[in-house]
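Novice: Copying in the features that TrEMBL gives for the protein in this structure:
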type     : residues : note
TRANSMEM : 37-58    : transmembrane segment
TRANSMEM : 143-161  : transmembrane segment
TRANSMEM : 206-224  : transmembrane segment
TRANSMEM : 236-258  : transmembrane segment
TRANSMEM : 264-286  : transmembrane segment
TRANSMEM : 381-405  : transmembrane segment
TRANSMEM : 425-445  : transmembrane segment
TRANSMEM : 476-497  : transmembrane segment
TRANSMEM : 509-527  : transmembrane segment
TRANSMEM : 539-558  : transmembrane segment
């Protein structure tokens, strides 16, 4: 600590002697220098870590509830469904027979099977198929409903926060929604045998969405960092936060162990505690940012008003008596230049309640007009292409994202721990891909933003083809390698957009990108739900091939 302080003191002294020559700092020296800016990371870690530490619990809980409570299969069957590899379950010989079953739930014989029963393998495969169909149906319904609320909030909340300089509500409200969601899951866990799985599944999406959700939280965080961090430090500051977001999936490695040790109820209690700690941290340590003001002018010895009057008064000019004209009609009234300046009081704004302030129609009008405003050269056309590219990126992600886990259970025979390892590896690959794209391709090799975007889009197209055809864990991991540039898909879009948009319109651009996500969540999930349900027993990878319809045109956007 003392050594670091001496280093900072030496740097400050050198800067005082030569302001233009700042010593070059390495990564860790910059990190230590900017430590006073790192105020959002602790609360965001608590907010997001609860999800990643309970990845397996959140994925297995609705599946087990649907299997046992809704479909009435027995406990051994539902347990084996979540861990087919451990029980040696192979569903390939029974796919044709399962497709012809029209009655949901077990037969009387299947209800009594155990691990040693010859009917056990078929019963587990039947339970898995019917459970995933039930889950897909709920996913297709809940996501569009949940997308409505963030869309409404994002249309107005950004402008309201800028107008009244309020950022902390945008940090606290999403955490409140996340905490209430975990309370609902806790209730569903306590009353496991009486509450159907639909309760927890719908609450998982709708309750956080009522408070803006993850998208609203991220928008507020970037707005807060932009205001509180000097312009020359923002790129590095954003990079620190992006590295945290990319590294958080590594926590999912412990999710399988935590579920085994804690169980569903204690896992959800831990999540509620995490959200409460995040809110307490925001209330105590995060202050509302002060709006930037211009620096005051240096004080002078004379009164400003007297100086101005002296400068404007003709009597202060150097003259001789002979040069002074004689005017017999002397008027002793003050001239306008000698009158004190009249300062009009600012108009008092009409008092509005919170709803009127938040849902001001002018905010919506400005946002709708933004992409169609006339711009220099072809900037308007480029902006519309970028919006299209962003929509084609976030749309398939919203549709296919929930099916990676059930696909791995169905096609690969994985369990929760296998998926937690895969999630960690996938997160590490994404971290490497982000570093290669931003540090190597952009800074060292000087790739253009459009070239990086096209590179990422091409690898995404290749990865979806491999995902769809994967029949083993090795091929599935190979698809993750192709998908390592997934986080780069939106960075070039925002970078190109910021280069063609004026500084006073950047917040509108980011808000417009933000509302694309709930709109995509309203359109795509029902389509993917119907497709996955129809192809579950024949070709479950069809959802990934369907995404190619949108990912291939995204390549053309960057050309």
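Any Cβ shown, glycine's included, is placed from N, Cα and C.
What's the neighbourhood like for each of these?
Specialist: The list of residues near the transmembrane segment (37-58) in space but at least 6 beyond its ends in sequence, with Cβ under 8 angstroms from a Cβ of it, reads 171, 174-175, 178, 182, 185, 204, 217, 221, 224-225, 228-229, 233, 237, 240-241, 244-245, 248-252, 254-256, 258-259, 264, 267-268, 270-271, 274-275, 277-278, 281-282, 285-286, 416-417, 419-420, 423.
With a cut-off of 8 Å between Cβ atoms, the residues of this chain six or more beyond the transmembrane segment (381-405) that come close are 59, 136, 139, 143, 371, 375, 419, 453, 467, 489-490, 493, 496-497, 500-501, 509, 512-513, 516-517, 519-521, 523-525, 527-528, 532, 540, 543-544, 546-547, 550-551, 553-554, 557-558.
Residues 139-141, 143-144, 146-151, 154-155, 158-159, 215, 219, 222, 367, 370-371, 383, 387, 390-391, 394-399, 402, 490, 493-494, 497-498, 501, 546 of the same chain lie 6+ residues outside the transmembrane segment (509-527) yet bring a C-beta within less than 8 angstroms of a C-beta in it.
Distant neighbours of the transmembrane segment (539-558): 385-386, 388-389, 392-393, 395-396, 399-400, 403, 407, 410-411, 450-451, 453-454, 457-458, 460-461, 464-465, 467-470, 489, 492, 527-528, 531-532; these residues of the same chain sit at least 6 beyond its ends, with a Cβ under 8 Å from one of its Cβ atoms.
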Novice: Take the transmembrane segment (236-258) and find every residue of the same chain, 6 or more past its ends, with a Cβ under 8 Å from one of its Cβ atoms.
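Specialist: For the transmembrane segment (236-258), the sequence-distant neighbours (Cβ-Cβ under 8 Å, at least 6 residues beyond its ends) are 30-31, 34, 37-38, 40-41, 44-45, 48-49, 52-57, 221-222, 225, 229, 267, 270, 416-417, 420-421, 423-424, 426-428, 430-431, 434, 438, 487.
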